[in-house]
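First the structure, in the form of structure tokens, and then the observations on it.
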């Protein structure tokens, strides 16, 4: 059999992701010598906090380098449960599994429930991996278009969501705060979504990885519902909040029976999360002072990016309330320049050395008139990058 005769599952994945544009940027920097301003990266630009690094080093020096339980170490599971219980409804250690990154947590959740032909409702736009994994498992992504208004941002469009729930619907995916839009959804909307999910007897997979990145308003977590065990699969992790993207640690919270089944799957896929990384994560909970400082810094950066984007003619932008992304509408510019959003992003890299992520990466249709910019970069780079972006757009608009 030819080595390139891949499975249906493998062939169902497109491979289009934010990383493609990072590769283009690296090539441009190498060949043209342009200093890249990277608004495409989806991670904090700060190093992992010192006490976390030191805890991991200490565990290495003490020889904590073997396998752990597939569930993760008990101390970390307990600390996660205590932390969430202090904010929301009660969570027990037995209702937590630690995973190698939040993406793995999402994969376990989909793998546990999705059979071929099952439908999964995903808001459009959304993080691209949701739909890719659903397709890989033979499921069918069903998209609900979010509504955009420059003054109020994006809303969930729950009436359309209700109309798309049928006997094949297995799950609804929620991401709050939201990538790529930077929205923190109205708590009333989230409450209504939770009610719909329970009423229709479908699962709610809630990805709350950006839960500390909130600049205005209040976020409502699905774990605030006393009945969360009946329908919620909750995903979070350490990558964003503690600037630990390369450490690859996430976790799932769900009913104990669900966690047990996930652990069985985990033991046969990756055995366990990295031992010494878990010791580092345990130290993360000792203080949130650095987190608060980072959020304050990112809020200032957000304000700068918003004000600079507002100066560009033809752009509509809502000031994001959460995560670390701005998602401006550039549909008028694309139309006048006769460009797709993908071509816009590629040309912006090639000609000005500025990396953005075209909204079409976040399927399916809504994003085709938007680009995503991360403000997890230095203030001077934000100003310089938006200046270059304005020059590029002015050039496109010149007859």
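Glycine residues also receive a Cβ, built from the backbone N, Cα and C atoms like all the rest.
When the candidates 33, 42 are compared with the L-aspartate site entry in Swiss-Prot, which names 179, 372, the shared residue is 42. Comparing Cα positions, residue 240 (N6-(pyridoxal phosphate)lysine) lies closest to 42 out of the binding-site residues 42, 179, 372. Sorted by the number of other CB atoms within 10 A, the recorded positions 42, 179, 240, 372 start with 42, the lowest.
Those residues of the chain, other than 42, 179, 372, with a C-beta within 8 angstroms of the mean position of the L-aspartate site C-beta atoms are 18, 127, 180, 323, 325, 357, 362, 374.
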